[in-house]
Every structure is written in C-alpha cells, then in structure tokens.
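Undergrad: Got a structure for you, questions after.
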Amino acid sequence: QKQAVEHTGSPLLITAGPGTGKTLVIKNRIKFLMKSGLKPSEILCLTFSTKAAAELKTRLEQDEEIKGKIDISDIQISTYHAFCQQILFENTMATGLAMNKGIVDRATFLVWGVQNIDLFGFDSYIEIKNNASDIIEKMIDGISVFNDELVSPEELEKYVVKKLSGGPITDLDELDTIHKLVNLVKIYKMYTQFKESNDVMDFDDLIVQTNRLFENKEKEHVLKQVQQKYKHVLIDEFQDNNFAQFSIVRKIVTGWGVTAVGDADQNIYRFQGAYTQIFEDFKKSFPDYTEIFLYENYRNPKNIIELSSELLTQDTYRIPPKPLEAQKDDEQKVRVIDCSSEFAQAEFVKNQIVELMKSNPDYTFSDFAVLSRKQRDGLNTAQILVSEGIPVKYVGKSDLKSSPSAKVLFSWLRIIGNPANSLININGILREYGISEQNISKINREAKTRARGKTDGDYCFDVLSDLNVPDLTQKTELKEIFQLIQKFTNIAKDNPPSVTIYKIMRNETDIYKKIANDDTVEHFIQRSILNDILESAYDLEKIKSDATIPDFLQFIEHLESFDVETKRGTTDSNSVQVSTIHQSKGLEFQVVFVIDVARGRMPGRFTQKPFYVPDELAKGVKPATEPKEEYTREERRLLYVAMTRTITHLFISYPTQYENRVRANKASPFLEALDPENNPNVNFQKITSAVNTSDALTFDAVQLIKNETVEGVIKHVSNNQYASAIKKIIDLATIDHFQINKTTDGFDANNIITLDGSENLKGRLDGTSSTSLKFGQQNLSYSKISSYVDCPKKFWYENVLDALPENQEAPALYKGGFFHKIVEKSSMKQKDEGKADSLKTLIKQVSENWDPTEYLTRSVQKEQQDKKSLDFALDSYQKWTSSNPNTIVNLEMRFSIHVGGYQINGVIDRIEQTPEGDYKIIDYKTGHTTPSKVPDNLQLNIYCIAIQEKFGKLPTRASFFYVEEPEGDQWYHYDVTASHVAEVKQTLEEHIKAISTDNYDADPGFKCKWCDYKDICEEAM
C-alpha cells in the first residue's frame, strides 16, 4: 500500500483484490500528491458510482491531516458522467449543445422507441408482433454497444453499405448480422436526430460528446485547457471502465500523471461495455507503466478467501494474479445450504438473521445483505423479512401503481383519459369517497342496461352525469364526485400531464394530504411513489411537449414492461439490504446470504446479443474467448464478488424445487465444482420446509367451486372490497360445511361473523412498524438552515419527509437559474480572454437558449414578461462587469466547510480580487425582495468562512447584486470583519445544534401565508 501511495515517475496500475484497502490507498495517494506539490484543483478522480465519489470525499474531509486545514473542495471527485457533463456545460459554445433539458434516462427512451416503432422503417428481417418492447430494448442497448466503442451512426452506415455493395454475402450468419445492422442504423440515426432536435441527451451522449470535443482539431484549446488543469488522474474500479470512458483518460493524461486501480477478477459490467482486456489496454496506452499488486486481504475470513479463489480457478482463460493472503485469524467456514423450496430458503434467511441478531448484540440490521443474481429473485425473501418486522431496503422492479395512494391517483387519471370506458375506475373512486356497495351496484346495473347493444362505452359515466337510477341514495356525494371529474377533465385540457397530476394529488384531493404528516417509513414510500409518478410525467414531457393524459397512461404501461429498477422499502440506514449482486459492488457486510445459486439461475441462460461491434469497427481490445464463454466467466466472477462482500458469516443457498416447476433443481455448476459436501472450507446442510408451495391439481367439482371462490376473495381483498370479501369467505365456510356434511343444512354464518380478529395480529403489526424518520444527512446548506430558522416544521416537510410543496416549481426559479447560466458562461470567457461580452451577445444567448416548455403552465404574457426582464438584468450585469477593475478569481465556486459537526455545502456566484489583493464576494439575485441587516445574513457569512478556509483570509466585502432593481437599489454590501463573522458563526452553530436535536415544532405566524406546506400543516395560521 505504501509503495502504491508514494509511487512517482511513471503511470501506475494498481491491481487490488477484494478487502485489500483500495479506497484507503486512493485517499492516501491523493494526500501524497498534494504533499508533493499538486494543488487540489489539479487532481481528477473518476469513480464508478456517485456513492463511491461521496464516500471518498467524506474520507478525505474527515482525515485528521486535512480536516480544517486544507480545502479539498477543488478536487474533482466524480463519476465519468458528472465530469463529462461539467466539461460539456462549460463549453456549450464550442459544442453547440444547449443542454437545457438535461439527461433523460434509458427507460424513457425505451418507451419513445416503442411508441415510434412504426416510423423506423424496419425491413422484413425484423418481425413486429407483440414483441415491440423486446425489439426496442435490444436495439437501444445495441446503440449503447456502439457508443461504448465510439462508433457513430455514420460510421456504422458506411460499414453496412460497403458490405452490401461488395458482392453477395454467402455466409448465412454474416448475412443475418448485416441485415440486423441495416435496421439498427435506421433507429440509431433517428434516435440521434430526435435527441438533437429536442435538446435532450442520454448518459452515453455525455461520454461520446466529450470524446468528440477532445478530438476536434478546431477546438483543441478545450483539450489543452483540461490537460493543463489536471496534472494527475486517478481511476477507481478501473475494471468497470468501457473503451469510450478510458478514451477520455487517454486524451487528458500527459506524462506519467495517471493511477488506475482495479481488479480483473471483479469485472462484472460487460453489459455496460466493460472489458477484461482493459488492463492490457492500459499497458499498451502507457508502455512505461509500473504495476503494483495489493494482495493482503483485511476483510474476509481465511475459508472465504480460499473457497472464492478456488471458484476462480475454474476459469481456464484467467491469468492468476498473486494469491490473496488472509490477515484475519477467523476460521469461520462458509455455509452452503441445500433448501427444499424457495420458501424454505427465505425462511432460513429470516431465522438466521433473527438468531445472529440475538447472539451478536453489536449487530444492526444494516450488517446483513441478501444478494441474488436477478432483482426478482430477492422478492420472496424481502417479503418474508418484512412480514416478521425486519426492516428491509429492497431494490427491485418499479411498480408505480403498487401503493394505495397511487391506485386512487391512477383511477382518476384513467377516468379523465377515457371517461366513456371507466366503470372499474369510477367504482374505485366511489368506494374511496364512501359510496355504499349497494349504490355502486345500482349504478353499475343501470350502466349495463344503457350499454346493452352499444359499442361506444360502458355508460357508467353517463349514469353518473344524470343519476337517473331507481332507489339511489347519496346523490349529493355522487354529484360532487361527478363535478370533480368534470373539473379534472378541464384541468387536463389546458395543462400538461405533470400539472394535472400535481393538482389532482396535491391540491384538489386528499390523496397526498392523508400521508403528508406521517413520518413512518411506510408513508415515506407512498410519497416516494407519488413523486416517481410525477417525475415520469416530467420525463415524458421532455420528449413529447404536447403530451396528454392518455399519452401518459400509455407511457406508464410501456415503462412497466421494461426491467426498470427503483429503491423500495426503507431509506433507514439500519435495514437489511436485499439487492442484486451488482448493487452490492464496493460494499461490505458482517453477514452475507447469496441466494438462488442454482442451476439455471447462476449462470443464467446465455442468450446471444443481437448486436455487437464487428471486428472491422472494433476499437477496444477483443475478448479472449467466444461470447458464451465470456458470459460464463463473468457469471463466475459475479459469484466471486458476492462472496467477497463478507466480513464474518457467508451463507450460499439454492432451492432444489421452484414453484410452478415440475422438475427438481440442483446447485449451480459453479458450486458443484467446489464439491461443498466434502470441501474443507464448507459446512454443508440440507433443510426442508413444512410448507408445500405447490398446489395439487383437482378434478373434484366441489373443490373447483372452492378454488373459484378463493380467487374471488383474493380479488375483493386486493381491491379493498372487504364487505364483498366477507361474503365470499362465508361462501367458503358453507363449502367446507358441505364437504363434511354433504348438505348446507345447519350452517350458521353468525358463527363466523361474530369471531374476533386474530389474537397475535396486533403484535405482528406492531412488529412491522418502523421508527420515525429523522434528518439523517450529514450535509447542510444555507437554504436548509434558513428553512429551519424560518420554521422547524417547514424544514421537517422539506428535508425529512421530502414532501411535495403546495405549488409546483415557479417559472421564476427557471428564470433565475437561466440568468445564472448565461452570466457564468460569459464571466468564464471574460476570465480567460480579459474582455466582457457585449449586451447584444448576452441577449442573443437568451434568444438561442430560452426554453418555452418551462412555461407550459403559465400564460404567454407571463413568459414574455420574464424573458423581457432578462434584458434589463443582463444590461445591469454587463455595465458593471465591463467597467469592473477587479480580477475574476472564481465562478460558481463549490465549497464545503465544517461547522458544528456538520458539513455545509454551497456555491458562490463570483469571487473577485481587487488591485490591492483583497477578496470580494458577489451573489446575484433576480428577485425583488431586498434584504435587511445584510451583515447578519447567514448566507454571506457562510461564504466568508469558505473564502477564509480556501484563501487564508476573509474577504473585505460581500455583496448582493439585485440585477432587476433600478440602479440605486441594486447593491447591498457588507464590509466584513473577523469579529462579526465569528459572532454570526456562533449563531450558525446554535441553529445547527437545534437541527441535530430532531425538534421540528412549528413556529406559526403571519409568514404561514407564504409557506408551501400551509395546506397540510395543522399548526398553520
């Protein structure tokens, strides 16, 4: 480790096995580079995940040699995507990419593909029936394969044309491949054009466009600036890089300033373009490299190291590195469990967690992980754990309709989208609003009568419009519901889906209000799902600005046909992680259960991907073996990664019988090759379950009636129709009575109805209740602190409950952000070239980059007014900056300071230095509310503390610049003194201490009038 940390003079490749202290080495290497003379701003560290970047930053900030002594906010520690996004944003003039609408995720583009599949002009080689989702998913992923190797649609098209024009292709496999590529070119070109015309990007674009920018000879100054800025580049999880990502590093690095840290044995991201030969690629790219091996394992017990290493020896193509050496004396053996069923496996996991928690008082639930190959494989176990009151963090397939609140919202949306065919959804709303089953039945019967012989709808909406139904009661309530439908329909006519959804769930009904004041995890999940629904609407509007509610409902249907993941369960850190092995990468747990290590599950069934980069176009190093063998090798490495997450106890299990499968199953061939029954590193065990998960087939007539009735009970319970469910349950009891007595005589339903609920139900329900949510973040900002000072309960809604405000984000926020972007770009140019942009240039930027879709919910007059107001604001800015004698030191400077045990993050708009060498702070404001008592302003004083930490002295002045105010009212200054900053810092510490007590009592007053949560806050005045 020390050798790796202190290496100089040549590019460094560190091969770091699991548990060998990789993150510690990266942290100390950064410290070493700074001690060797590099400034924090000259170091770039690229990580594979946002979480890894945050962890590394935290470790550096908490290091005793750094904390309070060195400002490391200028070290660029980020993912490739975040780094590239920053590069592209800073160079929009060089790229022509506006980047106003941001990044759209893969799932949204998959839906776009399905919705436009008829426009791509696929030929007969692509047969479209009910497989549209499958076709599009393969094609969008195929496009990503070519992006990963920087092959543009033009290059691919040129290759295909050349192949087809070069004479007949006799090899049938090659002919099939070429025709698939012909069709891929069609969607690839349209996909690229669509993104450009709609000013949206996917994550691949960030990497591809940055590579193009760095390769552009006409813009070579951009690459030179980046090369001059970053003297050393560190790459974490190097084995997970793809060709396009590594190409960025190759372009940036000059001299020996690169450190790559990785482990070929942990390469498990081939589906994202990672390739095991990247280590060879590094050696070819930097031939004077030095390689250092970290092989002392501080995490895993000896038996786990030996068994996992034995697993990898099955790979005959692998070049073995230096063997790992255990540094722990723990002789804990690996337990391999042969389970009779999936249920037996889930029960075993649950029982072991309970047992280990009892025998190890220091354990918390977060010390446990249940890992599986596929996300769905963990669902049974997650449900069993939750049913026993064990908190679970489950990452699984998104189901936006799964919560009670979401079901009600979707019922409203379906009624709006198609009122003529909404009987089922209208019924759901009627029940939600307390309409009796008898009245619902009467409405349905009348609707059925009116619809007889007609094909234009189910007529339930028609009946609700006139209520001309014999013996119908609750007519007042029914009229109110009909009026709500009309109101929501009118809202939907004049607004995009996001506004309609927001108004229905947040303003016009109690859908959100019912769960808004509850700080349990269960209601947090419900609010999160509603937020997800709203975000899905925003995503749709990015790619279809004129979307309607029917468009949105179709979008959701398509979205759910794809394998899209979302975090479900608790955000509480003290919970069992149930996730895929991929999601456990880089983590470690005291106890790990690797489940479903069975034949057919690990390795899964190999399917040849339809699209791959032909050898003639391939730019990365080719795989060592055929695709099927490469797949098997990666699946084996996946099991290796899962096993090596373990600190103490490792359990590997597999069911020998899966539900709905006739044939018995057995262990994965990976496990069989380890001979677990005789392996000295393993304790092998067989367990059975008393529960039979397979239902026997029956040909008994009475049993068939009973099965049908059981289905009816389940259906009614699922729809919260408990009265109807009880009727069916009485029917079941009648059937049982008949089976025993061969007659229904003597059956008394009262014996069932008078029964009390289960005696142990309350205890079980209490056991599933989770603790209240707390403010669990260690990071604060001025806006969060200001929110708490204003009203602790407002802070609670915003930062603990993550509740939606009463009103959607106002266009004023867009206008302010837009002004900041233009000014930042212009100031960067002024800083580099020494000359300010003209007003004409600035106003041109407004006309070229203004996004009218941000004002879809407002009048054209309001949009024009806001857009026009920027002329005055930019005129104020231009007059000031063009005559300003000070030197620009930094723009949009991100900082982190530590106060009262918390990290406070922020961004300073502009820092200047006077000719005398003094620092000044400027914060732009586009609003009209001017401040009072500027010297006591928390925001400016936090900025002053940050400047002192970074530059070693306080600024002499901090100012607010109100760019929309008349000339005499634009500037509000604070002449800074050390004593006053210390005074305000003490006040700041008092506020932070109050936040840490989790006291969220409301502070009501006249200010409630402007609060975004006044409609759900019981204390609001």
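Any Cβ shown, glycine's included, is placed from N, Cα and C.
Per TrEMBL, the feature domain 'UvrD-like helicase ATP-binding' maps to 1-301. Taken from TrEMBL, the feature ATP binding site applies to Ala16, Gly17, Pro18, Gly19, Thr20, Gly21, Lys22, Thr23. The domain 'UvrD-like helicase C-terminal' annotation in TrEMBL covers 303-586.
Looking at the shown structure, can you explain where the listed features end up?
TA: Counting every protein chain shown, the number of other Cβ atoms lying within 10 Å of the Cβ of Ala16 (ATP binding site) is 26.
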Undergrad: So what's the mean pLDDT when you look at the domain 'UvrD-like helicase ATP-binding' (1-301)?
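TA: Here the predicted model's pLDDT, averaged over the domain 'UvrD-like helicase ATP-binding' (1-301), is 88.
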Undergrad: Can you tell me whether DSSP puts Lys22 (ATP binding site) in helix, strand or coil?
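TA: In the DSSP reduction, Lys22 (ATP binding site) maps to helix.
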Undergrad: Including all protein chains shown, what's the count of other C-beta atoms within 10 A of the C-beta of Thr20 (ATP binding site)?
TA: 22
Undergrad: Would you identify the secondary structure of Gly17 (ATP binding site) according to DSSP, in three states?
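TA: Where Gly17 (ATP binding site) sits, the three-state DSSP reduction gives coil.
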Undergrad: Around the ATP site (Ala16, Gly17, Pro18, Gly19, Thr20, Gly21, Lys22, Thr23), what further same-chain residues have their C-beta within 8 angstroms of the site's C-beta centre?
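TA: Filtered neighbour residues, in order: Val25, Asp263, Leu294, Asn297, Tyr298, Arg299.
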